[in-house]
Structures are given as C-alpha cells and as structure tokens.
Amino acid sequence: MRALTRASSHVLNARTRPMPTRRFSSQTQLTEQEATVRQITSILTQNDWQRLLTSSNVPKKLNPDVIRSVIHLNRAHNLTRLLSFFHWSERQMGTCQNDLKVLSLLFVVLCNCKMYGPASAIVKRMISDGNNSGFEILSAVDGCFRESDEFVCKGLVFNMLIDGYRKIGLLDEAVDLFLCDTGCEFVPSLFSCNALLRDLLKGKKMELFWKVWAKMNKMNAGGFEFDVYSYTTVIDAYFKVRNAEEGKRVFSEMGEKGCRPNVATYNVVIGGLCRVGFVDEAVELKNSMVEKGLVPDSYTYVNLIYGFSAAKRLGDVRLVLSELIGKGLKLDTVAYYALIDGFVKQGDVEEAFRVKDELVASGNQIDLVIYNTLLKGFCKSGKMEKAREVLNEIIRMGIEPNSRTYTSLIQGYCRMRKMVSAFELLDEMKKKNLVPSVFTYGVIIDGLCHCGDLRQINAILGEMITRGLKPNAIIYTNLVSTYFKKNKLQEAGKLVERMRREGITPDVSCFNSLIIGLCKAKRMDEARIYLVEMLRRGLKPNIHSFRAFILGYCMAGEMQTAGRFFNEMLNSGLVPNDVIYTSIVDGYCKEGNIAEAISKFRCMLARGILPEVQTYSVLINGLSKKLELREALGIFLELLEKGLVPDVDTYNSLITSFCKICDVDKAFQLYEEMCEKGVEPNTLTYNVLIDGFCKAGDLTEPFQLFDEMTKRGVPLDGSVYNALLSGCCKEEKLEQALELFRDMLEKGLASTLSFNTLIEFLCISNKLQEAHQLLDAMLEEQVNPNHDTYTTLINQYCKVQNMEKAKQLFLEMQQRNLKPATITYRSLLNGYNRMGNRSEVFVVFEEMLGKGIEPDNFTYYVMIDAHCKEGNVMEALKLKDLIFDKRMPISAEAYKAIIKALCKREEYSEALRLLNEMGESGFRLGFASCRTVANDFLREGVMDYAAKVLECMASFGWVSNSISLADIVKGENSGVDLDESKDLMKQTA
C-alpha cells in the first residue's frame, strides 16, 4: 500500500511562488531559458513544428523547467499540439517525464479544457510513479490553482485524483485522500462519493466504508445532498454486516428526506431482510412497493426465493414462483440457482433436479455451479449413484469438472465410509491435473478418522504436506480426537505440540477434543492443564468443555468437583442441556445422594429444560436401588404424564426392585404394562422376573416366561438358565434341573455357576457320587471350577466322613491355584473333629493360620470343641477370649463344650462363672440344654455346685423356680418347654 503520509497538510497550504510573467520586448534582456521557451513557442505555431524543433538546438536545452514554462505560456492555445510537444520532449530527453510540477500543471490544464481522457492518463502516471504520495500530488495541483485564476475545475480535479486511486484498486489511498483536511476548497462530487462507497463495499473494506460515510454525513449537514444511489449503497452495507435495524432506519430516513426509493433500493432491502431471516417482513415490503407504484422485477422475486429457501419454506417458494410466472417475468439462471440451492438445503434434491430440467427446457444453459450444487445435495443425502449420474452428465455436456466437483463426491463416499471409492476419485482428480485443496484432504482425513485407520491417515497427511499444503486447525482437531478414541494419548499431545510449532493456534474445538479425550480416560488433572492453557489464550470454554469435565468427574464419583464445574458453567451464562443434567443426576444417584439428585432434577424442570426418558430413567434407577419405591413410582407417573414412553431400562429398574422386596406380582404387572406400551422386554427383564418367581417358589410362571422369550426372539443367556436351574434345585425338581442343564451344555451356556448350582443340589440330595461326576464333566467341558465348586464337594465328603476324598479334593484345588477359603478349612476341621482325628484338626488349623486365612466364629467353635475334647481347656478359653476381642458372636454350644470340659477337670467354680456369663450375655438355654449342663455337674457328684447351677438357671428364667434337680435329671419339664417355645416364637417373630 502506497503511504500517503509523507507530506502533511501544511504542504498544501504553502503557496507555490507564481512563475513570473514577463513581457517579451526588445527592451528586456532575455535569459537563456526564457529565450528557449520563446523559441519553442514560436516554432509551435508552425505546422511542421516537430521537424523544426528536432533540427534546431532546442533538444539540447530541454529540461523540466523549460517544459513547464512552455505548458504554462501556451495553456490557452492549441492543447492537442501542446500535449504532443510534451510527448515529443520525453522522446528527445530519452526518459519519461516524471517531474510532479510538470505533470500536475499539464493535468490541471487538460482538465480546465475538458480533455478528460488525456488528463486521466496523466493522473495515472502521477499515481503509478510510486515516488509521490497523494498529499504531494494534491499539493502540486493546489499550487497550479494558486498560480492562476484561470483554472476553474477544482472539484473535478479532486474527483479525478480520488477516482484515479480507486480505479486501480488503491482504495486505502483513495480514502486517505478523500478524508484529508486540505485547507483548500476541494469538494468531491456525489458521483465520486457514491463510486468510492460502492467499491469499498464490493471490496469488503467496511471500516473505510463507514469513515467515508461519516464524512459524507458531515458534508450533508453543510448542504451536500445524497441521492438514491448513496442511500441504497449504505442500506446494502448495513444489511451485509447483518445490522438490519440500521438498514431499515436509513431506508426510512431516505423517504423522510424526500429521496424516493427505486426498485433497486427495494430489492436491496428485501434481499437484506431475507438474508437475516425476516422473510415475512420482506414480503410486506414487496407489497408496499407495489402500492407505491413500483413494479417488482425478477430480482425482487429471486430475493424472496432465496429467503424462503434458506428458511426451508419451500411451499412459499412455490407460491413466489407462481406469482413471478403470473406476472410474465422469466427466471434467469440466478433465480433458478436460488431455487435449486433452496431445495438442496431443504434436503429435497429430487425436486432440485426437476427444477434443473425445467431450466434446461426453458433454453437456459446449465453451468458448473448449478451442477456442483446438485451433486453436493445428492452426496449429502447419501445418494451416491445419483451423484455419479450428475458427474456423467457434466462430462457429457462438455463441462470440465473442477476440484469442488470431485471434493463433493469424495466427501459423500467418506461419509458412507467407502474409502476405496473416495481414493479412486482422488486419483482421478489428480490425473485431470486438478489440485486437491486443504479441504479435499481434510474431507479424506475426516473419513479415515471415522474409520480409525491411523496408517492411512499418516500416509495422506504426508502426501498433503509434500504437496506444500499445511493442515489447518479442523484437520488437527479431527486427528487429535481420533488418537484419543484409539487411546493414543501421547500421540495426541504430540499433535498439539506440532500445531504450536507450525503456528496454528488450537481453537476451542481442538482444546475440547483434548479435554474430552482426557476426561474419558479419567485423566482429569491433565484435562485441567489444557483448560488453563485455553483460558490463557483468551478462549472461552463452551458447553462442550464444561460437559466433558462434569461427565468425567461424575464418572469418577467426584460429585463435589462436578458440582463446582456445573455452577461455574451457570455463572458463565451457559445453559446446561438434558445430557449434562442427566449425568449430574446419575452421579448423585450412584453416590447415594438421592436428595441432591432430585434437587438437580427439579432445577432442570424449573429452567424449562424438558428431561428426556434417560433423565427420568437414571433417577428412577437411583431411587429403586435405594428401595424408595414410592418416590420411584411418583417419578415414573410424572414421566407418563409428560407424554413420554419409558424405555426398557426404566421398567427394568422398577421390576428389579419389586423382585428384591419379593413383590413379584407388582413386578409382573409392570412387565405386562411395558408390553402393552410396545416396549420390548430384553434379556435382563426376563432374567429378573424368572429369578423373582423362582425365589418365590413358583416354577410355572418362569417356564412360561422362558417360552415367551424364545417366541419373541429375545436372546437366551446363561443368567436366565441359571435362574431357572436354581429355581428347579430349590424346589427339588431334579429331572427338570437336569434337562435344563443338558440344554445349557448343548448351547454352550453352562458356566461355573451352573455346575456349582447342580453340584450343591446333588450334595444336598445325598447324591455325592453324581456331584463328583459333574466336577469331572466340568473339566471335560473346559469350564473352570472355582473354590465354591471344591468347597461344596469337600464339605459333603466331610459330612459323610470320607476325609480321604475331602483331603484329595483339598489338595487338587490348590494345584489349580484356587485358594481355599475359610469355609473350606472349616469343613475339613469339622470333619476331622467329628471323626475324632484331633491331631489332624490342629495341623489343618495351623496351616490355615500360616496361610493368613482369617478364621470365622464357626471355625473357632470347632477348635474350642476339639480342644475341650482333648482336655485343652486353657486353649479353649484363650480362643473364647479371642472371639470376644475380635467382637465376634459366640455360640451356646461353645460355652457348653467349655463348661463340660471344666467339670471334667473339676473346675466347678470356673464352670459356674461361665454359666453366669452366658446368662448375662443374653443367652437363653432350652430345657434340654439345661438338663445337659446339670448332668455335667451331677455326674461329677458335686451337689452343692449342682444346686447353684439350678439356682443360676432359674434366675435367668431358663427353668421354672419350682423345678428340682431331680425333675431336670428325670426330664420332667412341668410345662417349661411350652413357655420356652413361646418365648422363642416371640424372638423369631
């Protein structure tokens, strides 16, 4: 851009000293230069002046001062000859005459004599020289006017200077000249102002446009009047910057100032209103235009067609088209394009194609722009065969497809994930010497990103860079997102660093891709680092940024942090959508904070955000898990009242909870309701119901539901079979259980749980051999047994006192790297104890402790009994104290075993103390137990202690106060058992 600031305004105010006007007389002694000027002037009066000047000594005396003096002296004579002399002098001097004083004088002289063509050429020379700023040129021109009062073309000269800059595209310089405070009476014409406004608007130099318009308004205040073209251009400018209100204001002002809008003005306003979406207002203005006697032309209707097309009101488009045809107007190609573009944007490509055919039928030529629009529409709607037909027609019509044509086709195939076809078109494009653009490569990379093909992505990226094309922020954003989806977080980070190195600033979308990926990977701290960088760059987080953090912290169970981000989002003026609210509600439900979940749900409703079914579903699920079924049903009814249809997950939550509280009838009622509403039950629905009925002891309904699953085509999985199998075993339906199990084996659905269920049932049914055979079958079917499998069999072998088999299985399970549990050891300990093999009991117990397996209270009972039977009362008492230290419950049987052992050792006082301890601990001994304890004392012949025992029992209400030792020994209850049974019933009620 040529700088116009080399000369300040005072240059223009400095008066150039007028060239002295001398009288050429014999009395005046002439200088050499004056003599040369007089000689040239004399010769110029001759017809063969060029020959005479060339053959004289004048060429040697030529210089800018001589030439300027000749022009000044002869300004009122033959200007054509004077201009020819100027060009002759340049030839003689062998260079273009760029002296500003010479050129400016010649320019003014030519303008004054209305020789505008040559004057424009001189202006162009002055501007193109590059050594003269606009201010310097204007200063030189002003000097010419100051030298002579003969020049009366100031305004015209100023206009021609501004137009000179404007016409060669130097709009900044033209505006600088227009705005300068010259201190002279240089006033541009309205035509020049309008032309400058028009070119600035066309060049989208809006800042300069408004400066020119501001000065024009100042001039207007001084009596400078605008015409219809001024107003129309300014109205157009306001609408182009989407300031419809100002555009309408200027339109109104135009009428108020007596400047009548013409059809072009109305078209500008109608077009502007249509562009900003005020189509109905545009129609009203069209009607107003007609009322004022103006006739809408095809451009008026084309604007309306564009407006209705953009608003996807194709019915109104047809009405406008009908009116246009009714008025006898013909649609030109531009109007047809508007129609075609409208139908394509609406998604009605077939109708757009029909309009194209109509255009051809009316004798109009179809250009590539229209074909590309149609092709893009077919590609966008996935109709690639139709798109191919359009391409073939383009070629058949002799039109050369361009890069946009192929890019649209490539994008269509990429959307359909047909990357082979996309690459074929890329190759075809290259063969036609059509250069793929950044957008073309971006489309292919986007397609490959959706396919997750990182190898191809890197290859096409390399090709793009080799061709000298730099990936833009959109391409990098897609790449970053893809790397995150592939869990290649390090590579994604490297891409961001590469963007920075290449000077590409990540935008909000790119940062969001990083943040979303890291949040999904639960790397929240790293995500926050990018958020900080995003803010540091002055980028504002949007709804997607906050959503990523809220969802991430909700998934991580950090609801306090999620809540902070939620509140920050609200403070930023962003409105959470239903997805964010659903995540927040779900997070609080999973945390067990149902009150806060309901609060957020109500807040969502208060903000006018309508919850989707999923929002209701997560809240119902949270309430159901807490078994707050009344509240859950309340929310469920609210969902129905909103006209929403619950999904299968909503029904499953309620059905599951009712089955948990054993209300299978209510669960089944919900099942029937969902079927009536057309909500298809899934495997989980049937599994929960079948399991619920089986646990309720009803096998009829589960098998009916099982058959219904098959009829509905609902997949049968192992969980459904296991529920039925468990039900059959519970109800002791062995044949049905075995039939189900065989079916499971055939379908490959038999799991460890299935085998364990049947093994346990066979063990309970005393079919130990068959149970063991199932373990062998399990191994043959390559179904891995677990510790439950072995423990069930070990326990049963211990019960039948086959300790050899039990020990064998115990060793086998450890060989399979299955760690025996407490219950496994307890079964072995109990088995050895019952067989009287106390030494093995103690060995197994030491092994158990050595392996760090914590005994439970029942294991301790077995060990207390073993120690007591071996007479190790002190060890038994230690174990009792250990049970108390571990805050485990102790059984009456353990107490009785120790008391019996103490009696054998004649430690009656300790035995009596333990009996009192039992009573104080809340134990209630039955009559049979009391008789056993009393006999332990009597057997040793200690009557005094036996009497104290009876007294102790009576004090705790275990026996009647009236009963005697003899009655206890004889077993005469005297009604005590009845009372005792009543008490027991009360305790178990």
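Cβ atoms are placed via backbone N, Cα and C, with glycine included.
What TrEMBL says about a protein is an automatic prediction, not a curated fact.
Since the structure is predicted, the reported quantities are computational estimates derived from the model, not experimental observations.
As written in TrEMBL, here are the features:
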DOMAIN    723-873  domain 'PROP1-like PPR'
REPEAT    227-261  repeat 'PPR'
REPEAT    367-401  repeat 'PPR'
REPEAT    402-436  repeat 'PPR'
REPEAT    472-506  repeat 'PPR'
REPEAT    542-576  repeat 'PPR'
REPEAT    577-611  repeat 'PPR'
REPEAT    682-716  repeat 'PPR'
REPEAT    717-751  repeat 'PPR'
REPEAT    786-820  repeat 'PPR'
REPEAT    821-855  repeat 'PPR'
REPEAT    856-890  repeat 'PPR'
REPEAT    891-925  repeat 'PPR'
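Within its own chain, the repeat 'PPR' (786-820) is flanked in space by residues 752, 755-756, 759-760, 763, 768, 771-772, 775, 778, 827-828, 830-832, 834-835, 837, 840, 851, 853, which lie at least six positions past its ends and keep a Cβ under 8 Å from the stretch. Helix, strand and coil content of the repeat 'PPR' (786-820), in residues and according to DSSP, is 26 helix, 0 strand, 9 coil. Residues of the same chain lying 6 or more positions beyond the ends of the repeat 'PPR' (577-611) and with a Cβ under 8 Å from any Cβ of it are 543, 546-547, 550-551, 553-555, 557, 559, 562-563, 566, 569, 618-619, 621-623, 625-626, 628, 631, 642. Nonlocal intrachain contacts for the repeat 'PPR' (717-751), taken as residues 6+ away from its ends with a CB within less than 8 angstroms of a stretch CB, comprise 683, 686-687, 690-691, 693-695, 697, 699, 702-703, 706, 709, 757-758, 760-761, 765, 781, 783. Nonlocal intrachain contacts for the repeat 'PPR' (682-716), taken as residues 6+ away from its ends with a CB within less than 8 angstroms of a stretch CB, comprise 648, 651-652, 655-656, 658-659, 662, 664, 667-668, 671, 674, 723-724, 726-728, 730-731, 733, 736, 747, 749. Secondary structure by DSSP for the repeat 'PPR' (577-611): 27 helix, 0 strand, 8 coil.
Taking H, G and I as helix, E and B as strand and the rest as coil, DSSP gives the repeat 'PPR' (402-436) the counts 26 helix, 0 strand, 9 coil.
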